[in-house]
């Protein structure tokens with residue numbers, strides 16, 4: 001089975017293309033700024049990481065051509081596969097578990113955002129949209145494409161400015177990054193990098209936007225590329241015994257996060 005094959009004739013192909021059409025029209029610099037301000041307040045709910053994992057079971061990601069199982073299974077498949085191969089990197093096991101928790105944005109208590117504002121590949125806003133971005137042609141309908149402040153190679157950024165200074169299209173990645181950072185997680189910067197950029201395929205698969213990276217990004221990208229293999233290919237049909245592995249992940253959550261987080 002091939003993963004992430006957007007050209008495969010699957011029943012979801014047209015749906016995925018329509019999704020990116022809408023996404024590419026609406027993900028503008030101003031939209032992202034507004035969403036970061038709104039959700040950066042973290043004033044919706046207080047709950048633990050594990051409570052959020054359980055909440056995520058109610059979510060279906062329409063942009064993913066591969067995934068038809070409960071989200072918590074995918075989270076644990078990812079985490080357990082990493083744990084098997086990198087037993088000493090417990091921060092990466094936990095990152096595997098929590099990387100998609102921002103998808104709760106699809107739920108009513110989090111504003112029930114449309115799919116195009118939560119899932120799918122992410123990309124920088126405020127500079128030119130690279131041609132390696134999936135379904136790039138639809139950016140022609142995005143107003144930023146014609147704005148001279150935003151449509152050049154660097155746009156509002158500069159060489160080596162660091163990806164933490166770059167605004168990314170809004171979605172579950174950036175939201176979970178804000179939640180983790182503002183709740184003072186002690187995950188290493190590579191963990192936060194993986195959370196924020198795991199859907200940034202133009203960077204980690206196509207090598208675009210490297211002119212915006214600083215030295216820390218270059219180091220962290222190595223971990224993201226390791227992580228990505230598990231994120232994609234752990235979508236196996238192997239069922240995980242949630243109760244059996246739960247105590248281990250609860251111990252990691254206690255190590256790296258407060259008991260309750262603001263979301």
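Using the three backbone atoms N, Cα and C, a Cβ is placed for every residue, glycine included.
Automated prediction, rather than curation, is the source of TrEMBL annotations.
Just so it is clear, the model here is predicted, and its values are computed rather than measured.
All chains included, 23 other C-beta atoms sit within 10 angstroms of the C-beta of residue 198 (Fe cation binding site). Residues or ranges marked as substrate binding site in TrEMBL: 4, 61, 62, 63, 103, 120, 121, 198, 199.
Annotation comment: TrEMBL describes 74, 99, 100, 172, 198, 231 as Fe cation binding site. The local packing around residue 99 (Fe cation binding site), expressed as other Cβ atoms within 10 Å of its Cβ over all shown chains, amounts to 26.
The CA atom of residue 198 (Fe cation binding site) is located 9 Å away from the CA atom of residue 121 (substrate binding site). A gap of 13 Å separates the Cα atoms of residue 121 (substrate binding site) and residue 231 (Fe cation binding site). There are 23 other Cβ atoms within 10 Å of the Cβ belonging to residue 74 (Fe cation binding site).
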